[in-house]
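*Asks:* Quick one: structure below, then a few questions.
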């Protein structure tokens, strides 16, 4: 039951997130190149050196944008705090992986740990995770079991998005398309948390895409792909949009099954 004032707040939050992320990325590119954190863009004829770990801007952008979201929507303080902490922790694991190349099994375990934050927050009553709602079936009665599955859900979404990052702007671009559909679903299904968190995600991913599309000036790295996956997991869990998120990420999901079938298991690209 939001009105014009809340819509204005959302526009301000979006503008703040967009501006902050847009301002951070050029400096991040310089810092990453100066420190030698670069990757070779095989899709350019000259095999250009491109700054890596650009997903740091996604983590920073979501953190600062969340502050304004809390100011304008204080009643959602608990949900916003746990949401952004989950994104930050996922990004931290991704950054560690970018630097020392964790084995796939260790990365899976660590991403489960980030989802444990949501489980604990729900267990101690800091937030309330509702049972999933399925179209035509309604809300399922999984009051006890579903919150326990939160760490697995975060892990699945984080690694699913992580697997779809082959071409310039592929991961960020497809994620923006998915988020636009989720924003509409959030409005139609009257999901306040879904609206809030899709606005955050779009505000930081759109400017990132502008630097990540061909010819890419920056790569997301695992810090970016894992944090994007955590954004989707948060939207699904907090907004009760599990079915919508699943449908929105079908491209990512099919790609994951194809990759797993092709390599017969979980491997890092460096291990294949």
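Here the Cβ of each residue, glycine as well, is placed from N, Cα and C on the backbone.
In TrEMBL, annotation is done automatically, which means it is predicted and not curated.
Summarising the annotation, TrEMBL assigns transmembrane segment to 6-29, 50-74, 80-96, 108-124, 144-164, 171-189, 195-211, 243-261.
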*Asks:* Return the stretch with the most CB pairs under 8 A relative to the transmembrane segment (144-164), choosing among 50-74, 108-124, 171-189, 195-211, 243-261.
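*Replies:* That would be 108-124.
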*Asks:* Where, among 6-29, 108-124, 171-189, do we find the most CB pairs under 8 A to the transmembrane segment (80-96)?
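*Replies:* Stretch with the highest Cβ contact count: 108-124.
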*Asks:* Check the transmembrane segment (50-74) against the transmembrane segment (171-189) for contact, please; criterion is three or more CB pairs under 8 Å, pairs 6 or more apart in sequence.
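*Replies:* Since fewer than 3 Cβ pairs under 8 Å link them, the transmembrane segment (50-74) and the transmembrane segment (171-189) do not come into contact.
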*Asks:* Can the transmembrane segment (195-211) be said to touch the transmembrane segment (108-124) if we require at least 3 CB pairs below 8 Å and skip pairs under 6 apart in sequence?
*Replies:* no
*Asks:* Please figure out which one of 6-29, 108-124, 243-261 racks up the most CB pairs under 8 Å against the transmembrane segment (171-189).
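*Replies:* Ranked by Cβ pairs under 8 Å, first place goes to 243-261.
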